[in-house]
Amino acid sequence: MARKLSVILILTFALSVTNPLHELKAAAFPQTTEKISPNWESGINVDLAITTRQYHLQQLFYRYGENNSLSVEGFRKLLQNIGIDKIKRIHIHHDHEHHSDHEHHSDHEHHSDHEHHSHRNHAASGKNKRKALCPDHDSDSSGKDPRNSQGKGAHRSEHASGRRNVKDSVSASEVTSTVYNTVSEGTHFLETIETPRPGKLFPKDVSSSTPPSVTEKSRGSRLAGRKTNESVSEPRKGFMYSRNTNENPQECFNASKLLTSHGMGIQVPLNATEFNYLCPAIINQIDARSCLIHTSEKKAEIPPKTYSLQIAWVGGFIAISIISFLSLLGVILVPLMNRVFFKFLLSFLVALAVGTLSGDAFLHLLPHSHASHHHSHSHEEPAMEMKRGPLFSHLSSQNIEESAYFDSTWKGLTALGGLYFMFLVEHVLTLIKQFKDKKKKNQKKPENDDDVEIKKQLSKYESQLSTNEEKVDTDDRTEGYLRADSQEPSHFDSQQPAILEEEEVMIAHAHPQEVYNEYVPRGCKNKCHSHFHDTLGQSDDLIHHHHDYHHILHHHHHQNHHPHSHSQRYSREELKDAGIATLAWMVIMGDGLHNFSDGLAIGAAFTEGLSSGLSTSVAVFCHELPHELGDFAVLLKAGMTVKQAVLYNALSAMLAYLGMATGIFIGHYAENVSMWIFALTAGLFMYVALVDMVPEMLHNDASDHGCSRWGYFFLQNAGMLLGFGIMLLISIFEHKIVFRINF
């Protein structure tokens with residue numbers, strides 16, 4: 001009996017010695033510092049799980065680290081590749097949204113959290129969810145393994161290995177809250193992700209602002225502090241979760257925030273053990289979609305709206321003010337309207353307006369009106385997305401957004417290329433035809449001079465013959481007949497100079513240099529830019545070819561029936577007969593409505609972002625410059641003083657401010673209405689550019705003014721290409737244009 005008792009005591013002593021040695025051996029393993037479970041637990045091969053985790057860590061460090069350490073830059077690249085480096089805005093269709101999410105989680109065997117095809121179950125199954133993320137919370141107070149709520153498989157072994165190592169991350173600053181709220185659409189969003197304030201969940205000697213050095217002793221001390229806090233924390237919420245710590249309902253942790261939230265310095269390279277502490281937070285961000293914003297959620301849209309609203313008011317007011325001051329610029333440029341330099345300037349400005357208007361329509365407004373290039377994923381292959389799950393969307397969201405955006409930009413640029421190609425073809429053909437016509441006229445001119453000389457000689461010869469006949473038949477004619485016959489040649493001779501003078505005038509009209517010198521200044525003064533045509537009489541063939549800057553000053557071709565000096569006086573009388581009051585109301589209402597539409601477009605564009613408002617403002621500025629100059633010239637022609645003209649232009653500009661305010665309110669408070677405003681504005685811009693301005697660029701008579709047609713051609717091409725280039729640069733780099741306003 002005594003022998004049996006001694007054997008039992010020896011075995012008991014041996015077991016008591018073996019267990020501490022086994023725990024010390026497990027603690028020496030680089031990935032675990034505490035062994036709380038046997039090698040086989042609930043059918044899980046713990047050693048295999050640890051080995052597999054070590055393999056995956058080695059793969060990550062091989063790709064992103066150097067010398068068995070991971071730098072902050074490498075960590076940022078890792079976050080970028082898995083798609084959680086910054087906030088992205090996506091749109092998920094409700095028909096397959098829940099099924100896709102459910103299938104993704106079912107692939108990972110999270111059956112306990114997704115049983116009803118809805119993310120509302122996150123709130124109901126929060127206990128299981130938190131146990132999966134923090135499996136060691138009840139390990140000291142309960143003998144039950146919290147992993148039992150999960151499914152079976154290899155994924156569960158990863159949770160088992162993570163369970164033992166979460167205890168090592170004793171810094172209570174590893175706070176990445178995943179509190180979900182139920183929304184009407186059936187989707188969930190991250191409510192709070194914030195490092196808690198020191199003193200609430202942290203030990204008194206631990207602060208997130210000054211993370212301590214990561215050593216084994218400090219980890220042990222923080223472990224004791226964590227267990228102390230764990231004993232007083234709520235069992236349902238867990239020590240790692242905090243509510244109402246941030247006013248912002250969404251936060252995407254970047255590399256620096258993840259490191260500081262875990263009590264790690266951003267300048268210290270990470271080893272495998274330290275990186276192991278960050279893995280639950282990284283997986284948590286992917287699972288919580290904290291770096292994604294669903295456009296179907298109204299709450300998710302609030303932060304960007306608040307930011308863009310400030311930009312919209314400030315940027316829109318500045319843009320409208322600058323454009324409205326163009327009317328004052330007309331006061332300076334009116335004295336220059338009779339000079340050749342002004343013609344070249346207007347030609348360049350009109351071409352620039354065509355380039356910016358069409359470029360803004362094709363490269364910015366139309367792509368933004370579809371709202372697909374930076375707001376959503378592609379829905380062309382929903383079946384593939386459901387099969388691969390939302391994780392596939394997370395990994396490829398950035399590439400999809402950039403490729404889709406630039407795809408729309410290149411397609412718009414291709415459309416502009418087709419427009420520019422047809423402009424070149426028609427313009428070159430017109431120049432060739434005009435060159436041939438001029439050559440023919442130069443060939444016909446000597447022939448007409450020869451005809452005049454021949455007619456002069458014939459008239460002299462006929463007069464001599466008639467005189468000789470008079471002398472021969474003098475005796476046979478009566479006195480009255482002789483008087484009548486003698487008057488015939490004199491009458492013929494008297495009529496001949498009139499005929500010759502008329503022919504000379506006709507020939508001179510073919511190249512009326514002096515007349516044109518008188519007509520051109522009047523024509524430039526009498527035409528003004530507007531978007532409607534008058535019904536006054538049209539000019540003859542000479543005036544038909546004289547479409548000087550019809551795109552700028554084109555609705556007052558007032559009675560240009562012949563290029564004489566009195567036509568200027570007649571046109572001025574017509575303007576005065578219309579009445580100053582009538583013309584003023586026409587400018588205020590017509591230009592006011594036009595300015596209102598411009599302000600509406602600018603306001604809606606600024607609610608979309610700074611780059612969007614900038615591109616639209618540039619386009620409006622370029623086409624309003626010749627517009628305002630033309631309106632100012634017409635008001636002065638009607639007999640107004642400079643002060644009155646400035647006043648009426650200012651009144652019409654006030655409607656632009658009203659349009660801007662309307663566009664901001666619509667774009668900010670009405671969902672998706674700004675996209676329709678973009679589409680409408682694109683149509684207006686295309687009409688003004690292609691219908692009003694391009695035809696007059698093609699049908700100018702620069703050579704009749706002593707100017708080179710090819711000079712105008714190259715100047716117009718330079719203006720159009722410059723406008724295209726400005727809009728293209730804004731379109732490509734608009735996501736990098738950032739301007740913050742802090743009040």
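Quick reminder: no glycine exception, Cβ is built from N, Cα and C everywhere.
Per Swiss-Prot, the features are:
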| type | residues | note |
| --- | --- | --- |
| SIGNAL | 1-20 | signal peptide |
| TOPO_DOM | 21-313 | topological domain 'Extracellular' |
| CARBOHYD | Asn67 | N-linked glycosylation site |
| COMPBIAS | 96-116 | compositional bias 'Basic and acidic residues' |
| REGION | 96-174 | region 'Disordered' |
| COMPBIAS | 117-132 | compositional bias 'Basic residues' |
| COMPBIAS | 133-147 | compositional bias 'Basic and acidic residues' |
| COMPBIAS | 155-167 | compositional bias 'Basic and acidic residues' |
| REGION | 190-245 | region 'Disordered' |
| COMPBIAS | 206-215 | compositional bias 'Polar residues' |
| COMPBIAS | 227-237 | compositional bias 'Basic and acidic residues' |
| CARBOHYD | Asn229 | N-linked glycosylation site |
| CARBOHYD | Asn254 | N-linked glycosylation site |
| CARBOHYD | Asn271 | N-linked glycosylation site |
| TRANSMEM | 314-334 | transmembrane segment |
| TOPO_DOM | 335-343 | topological domain 'Cytoplasmic' |
| TRANSMEM | 344-364 | transmembrane segment |
| TOPO_DOM | 365-411 | topological domain 'Extracellular' |
| TRANSMEM | 412-432 | transmembrane segment |
| TOPO_DOM | 433-645 | topological domain 'Cytoplasmic' |
| COILED | 452-474 | coiled coil |
| MOD_RES | Ser459 | phosphoserine |
| MOD_RES | Ser466 | phosphoserine |
| TRANSMEM | 646-666 | transmembrane segment |
| TOPO_DOM | 667-674 | topological domain 'Extracellular' |
| CARBOHYD | Asn672 | N-linked glycosylation site |
| TRANSMEM | 675-695 | transmembrane segment |
| TOPO_DOM | 696-712 | topological domain 'Cytoplasmic' |
| TRANSMEM | 713-733 | transmembrane segment |
| TOPO_DOM | 734-743 | topological domain 'Extracellular' |
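Sequence features, as recorded in Swiss-Prot, placed on the structure.
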| residue | record | Cβ neighbours (10 Å) |
| --- | --- | --- |
| Asn67 | N-linked glycosylation site | 8 |
| Asn254 | N-linked glycosylation site | 17 |
| Asn271 | N-linked glycosylation site | 16 |
| Asn672 | N-linked glycosylation site | 10 |
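Highest Cβ contact count with the transmembrane segment (646-666) among the listed stretches 314-334, 344-364, 675-695, 713-733 falls to 314-334 (criterion: pairs under 8 Å). Residue counts for the topological domain 'Extracellular' (667-674) under DSSP, split into helix (H, G, I), strand (E, B) and coil, are 5 helix, 0 strand, 3 coil.
Taking the Cα atom of each, Asn254 (N-linked glycosylation site) and Asn672 (N-linked glycosylation site) are about 30 angstrom apart. A straight line from the CA of Asn67 (N-linked glycosylation site) to the CA of Asn271 (N-linked glycosylation site) spans 10 Å.
Asn672 (N-linked glycosylation site) and Asn271 (N-linked glycosylation site) are 48 Å apart (CA-CA, integer value).
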